[in-house]
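All remarks here apply to the structure that follows.
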Amino acid sequence: MASGVRNGGTGRMSGRLDRQQSSTATPKAAPGKPRLSAAPGGGGSAYRRTSSGPLPSAAGGGGGRASSESGVSSRVRVAVRLRPRNAEEQAADADFADCVELQPELKRLKLRKNNWESDTYEFDEVLTEFSSQKRVYEVVAKPVVESVLEGYNGTVMAYGQTGTGKTFTLGRLGDEDTAARGIMVRAMEDILADITPETDTVSLSYLQLYMEMIQDLLDPVNDNIAIVEDPRTGDVSLPGATVVEVRDQKSFMDLLRIGEAHRVAANTKLNTESSRSHAILMVNVRRAVKGRNEMDVSMSAENGHSSSMVGSFRPPIVRKSKLVVVDLAGSERIDKSGSEGHTLEEAKSINLSLSSLGKCINALAESSAHVPVRDSKLTRLLKDSFGGTARTSLVVTIGPSPRHRGETTSTIMFGQRAMKVQNMVKLKEEFDYKSLCRRLDIELDKLIAENERQRKYFDDEVERITAEAQFRIAEAERECKIVLENEKMKYHQEYLDSIKILEEKWKVHQQSPKKQIKETESTSNGEVQNLLQNEKVLRQSAEDESNDLKNQLSHWKKMEATATAEVVRLRKMLDTEASQKEKLEEEIGVLKSQLMQLSLDADETRISLDTGDGPGKIFPGLDSLMSHTRSSQPREQSNGPKAPVAKLFEQVGLQKILSLLESEEPDVRIHAVKVVANLAAEEANQEKIVEAGGLTSLLMLLRSSEDETIRRVAAGAIANLAMNETNQDLIMAQGGVTLLSMTASDAEDPQTLRMVAGAIANLCGNDKLQTRLRGEGGIKALLGMVKCGHPDVLAQVARGIANFAKCESRAATQGNKVGRSLLVDDGALPWIVKNANNEAAPIRRHIELALCHLAQHEVNAKDIVSEGALWELVRISRDCSREDIRMLAYRTLTSSPILQSEMRRLRIEC
């Protein structure tokens, strides 16, 4: 049947035009310049002019409102958002597909009626479960916020079933992760970033509609706020609500936290934190319009008018807009939510208000003459949002679960009807006459004060100039007297100085020549004494410097002797280290030869044990992989008898053998891991190997080595160690199952797969490790190795499945396990049935045993019948070569009611 297409009353072309128009950004005009811009939410042909018009006359103020412009028709835009599956739905609806299919590139949604029939719906935006909070905000709320900043009212609302993510979409604070912030937080960030704090104001109120009572979330005492309607304009207001002015984002976040703490929520079956009230955030934005007045002043100046007078008497224009964000409480069905008592009364009130909202939207969509707005307080509060003057965006939230297909259908139809509602978006501008009056009073006071100040300044300036002139005349007379006096004293002093100089010269010429000779001799004797004294000082300093150099020379000789002794000591140390290095190289050579001899001896020792040591020992069958090493490396002949594994183990030491596992030479690592594997085959050596860190080293080789031989032998050694229950816990704790599974997926050699399968098969025999083994991929790894087809590999896989089934049977008998077998869940049953009659006796024996254990429990009986395993059980009870398995199959068939019923239906006799 062809699916019907509904698009909310709009054709495909009209929906495409709406999307194109809404996605076109409106550029902001530069201050003082007129521009033409598309009206928010309007069609592509609707434009409005934002340049200033003529001023109204003084008598035509009309209550302070500016000349109104005609409204522009704008359809309610609707986006649908899908919530991802939660944990409960993933578990309960795992076998069912989602009831919706999104086509975001086509903006379509398909609602499945059944497996072959669906309905298709178109929306303005289709948001998948992977859509980010930022993406939701940009396509749903950002156009509305931009309109609010331009002076239009706007509404953003979320509608949907409880638990589908309405509060997450709108009110998420994003304290832990900023990327998870909701529409409320992001809208306020954009508003605060765009306004000018000096001229613009932002205030908000935060309310909840609970049980048909409007309560203030910022002041919980105010719990019954009345709605007041303007009889002239019909606008709805809440004068009793708390209004808080917001200056920054931090104060807004604090207010949101206060409001969220007071909002009513309850725990229901559908949502652990179900909102029991409609939350309403009202943000009032008041912005001053500067561009028009500045442009008009410039135009008046060009026409010869006084620009200052025009600017003074022009009232400022303000734009008042309001953003309303509504987080509706979720619609719910009582039988699904489990509401009772007071919670039931809350649910009735929520559903009643949502029903009234749906009736109003139906009436608006059908252009009915009567819209029942007064049926509910919610519809009265949203009167402007639907059919009013606000630009409205609605996001409907839905869930993917097919159990809630009815609620999802109702939500989608609500959104489709809302898309038919048309609003008349109007710009709200007012003349601020009170501000003009205050400005003129301030201007008048300034002019009066300026006039008084200028008069006082003129008088003071005249007095100051007169006093300054008188002061300058007196100062000039005083300075003239001082200069004349200074010049007179200067010339007199020069005259006295010249007379004194002439007198001194005359006295010098009058002195005797003999006196001059005596003074000359005395002067020469003093100079000779000074020279002798300087010579003594220089000689003493030279002697001191010579002594200092002698001391330094002796000190350097001592240091040279010390350095020579140190050089001799270092040479002796180097000689000692060289001899030790030669000894270590000789010892390493001996160890290599011993390891090679040990690996060759171990081959011959283990050949006879390949098939006779029980199901747990895997490594004795290494003769096939060791033969290649033996053929490529010829055995060295020796005169004495060969040392057995135990003797070499005692001579060399386990630590040295394990240390060679980390050697850089591949041959050394191969021989070392072979020795460790042969030692691990002996139960007496296993504890010593584990205590010395051998298990960790083997797992490290399995993880890091790319050599097929090393991985093969290491897997065999781990298989031998896995025979011990204590070692099994250690293997699981160190991630051994994951490493074995990775090795199985990468390996192609049957012998390597045989070793890995044997190790996992040994782990399958531990009752305590069942869940962990399956969780880390052990069962899937076993089933993946059957692709190899090698009989030895299949035998180990069959043994592992038999061990696992036996442990499950024992746990179910003891009451430690309920539910279907994990083997059945992982898809092992078809392979078991296929190989139940395998030609190889070991494979057949293990699979027969596994099938009997699976069939012992009634919860697996239906799967046994559906997969055709019943015939194999009947065959086992009749033809199995082992009596214990044959009797187990017989008891299983006779004790199961489901199997007995199926046998009677097919007329099969046991």
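Placed from the backbone N, Cα and C atoms, the Cβ positions cover glycine too.
The shown structure was predicted, so the numbers you read here are calculated from the model rather than taken from an experiment.
Copied over from TrEMBL:
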type: REGION; residues: 1-75; note: region 'Disordered'
type: COMPBIAS; residues: 66-75; note: compositional bias 'Low complexity'
type: DOMAIN; residues: 75-421; note: domain 'Kinesin motor'
type: BINDING; residues: Gly160, Gln161, Thr162, Gly163, Thr164, Gly165, Lys166, Thr167; note: ATP binding site
type: COILED; residues: 532-601; note: coiled coil
type: REPEAT; residues: 652-694; note: repeat 'ARM'
type: REPEAT; residues: 693-736; note: repeat 'ARM'
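Sorting each residue of the repeat 'ARM' (652-694) by its DSSP state yields 35 helix, 0 strand, 8 coil.
A sphere of 10 angstroms centred on the C-beta of Gly160 (ATP binding site) encloses 27 other C-beta atoms.
Every protein chain considered, the tally of other Cβ atoms within 10 Å of the Cβ of Gly165 (ATP binding site) stands at 23. Neighbours of Thr162 (ATP binding site), defined as other CB atoms within 10 A of its CB across all chains, total 25. On the 0 to 100 pLDDT scale, the coiled coil (532-601) averages 76 in this prediction. Counting every protein chain shown, the Cβ of Gly163 (ATP binding site) has 25 other Cβ atoms within 10 Å.
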